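**Student:** Once you've had a glance at the structure underneath, I'll fire off some questions.
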Amino acid sequence: MDDPECDSTWEDESEEDGEDGQADDTTDEDTGDDDGDAEEARPSLFQSRMTRYRNWRAMQDMQRYRHNYPDLTDQDCNGDMCNLSFYKNEICFQPNGFLIEDILQNWKDNYDLLEENHSYIQWLFPLREPGVNWHAKPLTLKEVEAFKSSKEVRERLVRAYELMLGFYGIQLEDRNTGAVCRAQNFQPRFHNLNSHSHNNLRITRILKSLGELGLEHYQAPLVRFFLEETLVQHKLPSVRQSALDYFLFAVRCRHQRRELVHFAWEHFKPRREFVWGPRDKLRRFRPQTISRPLMGLGQADKDEGPGDPSQEAGTQGRTCGSGRDLSGDSGTAEDLSLLSAKPQDVGTLDGDQRHEAKSPSPKESKKRKLEGNRQEQVPGEPDPQGVSEVEKIALNLEGCALSPTSQEPREAEQPCLVARVANEVRKRRKVEEGAEGDGVASNTQVQASALSPTPSECPESQKDGNGPEDPKSQVGPEDPKSQVGPEDPKSQVGPEDPKSQVGPEDPKGQVEPEDPKGQVGPEDPKGQVGPEDPKGQVGPEDPKSQVGPEDPKSQVEPEDPKSQVEPEDPKSQVEPEDPKSQVGPEDPQSQVGPEQAASKSLGEDPDSDTTGTSMSESEELARIEASVEPPKP
């Protein structure tokens, strides 16, 4: 049995002579401090008496509590458990009280009522010893067991603890560990705590009740908080003495109590006046893992030093873990952004290509290609290709598909284009010969199909809109401006077809009515596609795109009687009044739109023989004319 007059905190570490901590403290001379206290002058007799002073009444009271009131026996209360009934919300506290739920819900922010009413605290935090309120019954051992076994009662006890912490400007951060910290309104609440010293008695009661009702782990964090605020932060000077005399020794766990006493000894100034523990044992004592958790979250000790290595490692691990998580997200976010940016870039490229394919002017697309090639060159290096070569490449590329879907090499597309042209011509011949009963119309359609541009996706043919404006989209012995889009087979110029005239908007596309023979011979400068005619060339730099006068097949011989237009034939005359003989902007079929598939001329294919094709078609037309020519009037 411990001596009730002594402090049992250090009793198991007493020396062989049996002296306890208090005796060591009494006989200790202030010459062995390692922290600079030895350099101070020895205190006088009066100072020694003051430094050796300790509140013995407080020490005895707290030791009696820690030893579960050995001199106290439960009174026979006839089976009544008033404290348990109050916490079950069955009765009101006395005198003139309320139910516990009313207090927990309505008194939370009513600080004046919590300060002025002195009857509720004995009911909220009952003890085994009687208090000043004789209406409040002392706590019995049966009630203690009932408090610990009832979840409802335990929950209300924690809420009552949070209510009083808020009244003192403190916040419970973790219900599991009991860690506490300053509340947002701690300054006015600390001021009230300094002004009303009776709250020190309330805090002592709260600490004792927590130890009685199964919440012992809530004691040490709260005591550590008050030691921090009084000895380190110096915010609660009125609470300092009570914290050292009562709060420290309300902790029932001996090891935690030693940790707290050592913490108080380290921060007490002057240290030689510290009387709440034996100095020699405090010098030898080494804090363990309890120091850092006692403060609660966010209440790091500025003067303590390293503190708890395990908790620091845990905190660092959490920080590193969060840092790794953040870096992984950012990396994932970057990967996702890159993955999401790739299809956007592809879509942008496709959009640029579609915009370029639909550009109204082919010269602008050439200019953009040329500028793009120049920008790709390193500054200071000579241009490996001349301007003429770049223009040739641009012209050759115009003959190929520039749509977003055709990204294969252009050389592989040339045989496919020729094959598609031949198939298209054969299909048109079959359809037109079967559908049209008129020989003249059939003759005209055959010639139109033979002279129509090859189906291609060239942006030039899609951009020109009308034949006469683009001299490079047609190649043939006839006037390139005399052709209209492939959708209107009747708009072609034929020797026997009176509908082959170009409207008055194109003066060069008309057959002069003054020419009775209607022949297109070498004397007619417009019937030839020579070097003097800049509109008969595909490109000025492409030698394969010209049909020169040296080619005898490029002219229609005047000796061929079938190629002449008889003056007696009324169909060979130019009737300007005939609405069908004009191709104007009013005729929707006379325009070449970007939606026409067959918009490329055979002359743009350097591998195809344009002149030979035109001559063979002329002979075929002559044979068809001889067989189906109607009698002349």
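In case you wondered, yes, glycine gets a Cβ from its N, Cα and C as well.
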**Student:** I'm validating the feature mapping. Which of 257-286, 377-406, 407-436 is tagged motif 'Bipartite nuclear localization signal' in Swiss-Prot?
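**Tutor:** Feature motif 'Bipartite nuclear localization signal' in Swiss-Prot: residues 257-286.
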**Student:** According to Swiss-Prot, one residue in Ser327, Ser545, Ser563 is annotated as phosphoserine; name it.
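**Tutor:** Going through Ser327, Ser545, Ser563 one by one, Swiss-Prot annotates Ser327 as phosphoserine.
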**Student:** Average the pLDDT scores across the repeat '12' (566-574) and report the rounded value.
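**Tutor:** In the predicted model, the repeat '12' (566-574) has a mean pLDDT of 41.
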